[in-house]
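Enquirer: I have a structure here, written as structure tokens, and I will follow up with some questions on it.
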């Protein structure tokens, strides 16, 4: 359920802002309505947090010796603050980057000078001061033969059609008569031999900095703790900046101005009494009212332990219903489990998930830790997958004739591998379409409950009629035309449903105004019939993805079966595990794409759920 909220406005003395905010944070139940704000302190906190992220990224691959979770760590016998460690890590990395650039430059100079042998550029510069300019030049042999006679050259080497020579000139710079393909050597500041020495020194310095950076790997715990503190400081600063100060009056005796600061937020109704006691204790003034539809009210979901199993998936997706919308967590959990089982469609895969989840639960209990809802969700999904896989008699893609009789007796003949393939597929598609009809009708029934006192409820009854008619149309097209004919009653239900939906879907004040609003969007209204057909048809994806996964499992078994008859049995086991593991991962991705979509798109559209909610994040100690 969505927890009801109250909008609260808090008023405090301007001189008591920080103390009041600390008390409000200790209370820990008010979701503060933040404003767009900026300050120098906030910018510094964000910059420090960015440096912490950079520092963790720099040392995360280093070998961690002793991860310390305090605010201080010891490296090389010296205790330093975590913030100082961050600065040292960033500075060390900056020095490494600078050294890497110098090493790259040194290597580039060596590569250019290597064909010219060892020489001392200082001698060349000394001769240039005496008026003798030596210019190392590389050019093609043909261009070398065509050099003018007035150019004095000394040929050093001929290799690969290239000539390396030295031009002797009485002034600096390349002569204008030199061919276009001639390239002069850029002289380094020292000799190649000295470059080698410099390169070795730079690499040693870089290795030293690398070891120093590796030593900071034990700071990761401290830096993460520092990030948590920074996050709390950022939140406090943003709330502080969101408080609006107003000058109320001025004392005649002292001339001091009385300033009042106020901030707004949202509070669960169940905490209003506790907030009132806190306000009385802290001498606050406050106003507590019901939120308006235009207010950005946060959404807090509170469900029982069973429905709360879906929370890991909802947190992963980041989907939150709006405060004024409906919570479908229970229906989401129920149908997501069914869709999961049909997409996996393998009792063996379900057994693996069940055993892994049970192992996680047992391990958590042995450690006296709280069992994560993710393990319970895995147990629920694995159990449903085992049930559906047993009904269709699919155990790791093994042909039904090799399945033990005790397991084969569990199967439902019409939808299992014992039936004819064509008929089995039609029956399974029929099951998927029926689930789709049930799923979408349930969505409209939820809306019926919310709009029962309004004529708009007739639009939902019209949608139900269209869904029923389109369900038969889909069965006629996909499953069996003779068994599911398109009678006049079916067509009439679709038309009647469309008329009811068209007239009352925009009902607010009067039927006439509702029809007028529908006429403005008549094209979208007509396309709505197609959308209903597409939504029912969309549930065929459950059968299609499950069929594909079963085919992959069977193919993997057929490919590896011959290997078990000879000495390649070990290779067969490896390929079997790899193939089924890959299929398992692909099935998980299919669930995320298809199983989640049917809940968050098709079902949500029929409920009128837009997932535009703001997660309830109270201002509290972290």
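Numbering starts at 1 and runs along the chain as displayed.
Including glycine, each Cβ sits where the backbone N, Cα and C put it.
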Enquirer: Which one of these stretches, 562-582, 583-603, shows up in Swiss-Prot as transmembrane segment?
Expert: 562-582
Enquirer: Swiss-Prot lists transmembrane segment for one of the ranges 352-372, 373-393; which is that range?
Expert: 373-393
Enquirer: Does the transmembrane segment (373-393) come near the transmembrane segment (485-505), with 3+ Cβ pairs under 8 Å (pairs 6 or more apart)?
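Expert: With fewer than 3 qualifying Cβ pairs, these stretches do not touch.
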Enquirer: Excluding the flanking five residues on each side, which residues at least 6 beyond the ends of the transmembrane segment (306-326) place their CB within less than 8 Å of a CB in that stretch?
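Expert: The answer is 2, 5, 291, 293, 297-299, 332-333, 336, 372-374, 376-377, 380, 446, 450, 596, 600, 607-615.
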Enquirer: Looking at 328-348, 459-479, 532-552, which one has the highest count of Cβ pairs under 8 angstroms to the transmembrane segment (485-505)?
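Expert: Result: 459-479.
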